[in-house]
């Protein structure tokens, strides 16, 4: 059966419109913990089901050489899949754009760079271990027929409750991860506006609004308009380009050079002048 993805994309966007009103990165510690917990939860389900499938098959599918020579894929399709895989790998590197923002929220004692080195080593080691287990066991379970998404593809349908739980964890993780990745963008744009127009009330002042059952709060009009427009635009792009794995590869390729190579090197050179 087919489920209307459009409705779920719109609902995701609506939720993000409200969450985007969180003032800054410092207020996201709860969402960050929730996202990490959800990530480990669905990754555990993924490699657990992969191992169960390997045991059920009684053998390991696939081979170290990748796609076999007698496949119906053309040479062009093989090259495209290889490049798409490299793009998917590169998609993991936008994490580097968050490192400085996270480091900025740390206390100066002990030194932030020392703390971040330990945090990066631990977090990346654990994350890589979990996700590589999912990748290896998924390929061992299905070989060349491994779906792009083991949970929502044709790979697993039983037990249903476990699949539903893992998919729910993915949704919660994406909701929180959207905020973690967007908050540095929001801070950069809003800081630039405040620097250019420091006396503009629309940009720098908050308007008191009374919310039933929640009391009153101050809402910044720039934050309300700009962040809502950002969420609407990204949701619209997601609706226009719904191909999950293909889009990941493209985004990874576009982000890799500026975020991982160019800007870090430029910042290092500028700091040491």
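Each residue, glycine too, has its Cβ placed from N, Cα and C.
Among the features that TrEMBL reports, domain 'Amino acid transporter transmembrane' is placed at 1-272.
Taken from TrEMBL, the feature transmembrane segment applies to 7-25 (among others). Sequence-remote contacts of a segment are chain residues at least 6 beyond its ends whose Cβ falls under 8 Å from one of its Cβ atoms, and for the transmembrane segment (7-25) they are 31, 101-102, 104-105, 171, 174-175, 178-179, 182-184, 186-187, 219, 223-224, 227-228, 230-232, 234-235, 238-239, 242.
If you look at the transmembrane segment (31-52), the same-chain residues 6 or more away from its ends with a CB under 8 A from one of its CBs are 19, 22, 127, 130-131, 133-134, 136-138, 140-141, 150-151, 155-156, 162-163, 165-167, 169-170, 172-173, 176-177, 179-180. Residues or ranges marked as transmembrane segment by TrEMBL: 31-52 (among others).
Per TrEMBL, transmembrane segment is recorded for 121-140 (among others).
Look at TrEMBL and you will find 160-181 (among others) tagged as transmembrane segment.
Annotation comment: TrEMBL describes 224-244 (among others) as transmembrane segment. Remote same-chain residues near the transmembrane segment (224-244) are listed as 5-6, 9-10, 12-13, 16-17, 20-21, 148-149, 182, 185-186, 189-190 (criterion: CB distance under 8 Å, separation of at least six residues from the stretch ends).
The feature transmembrane segment is assigned by TrEMBL to 250-270 (among others).
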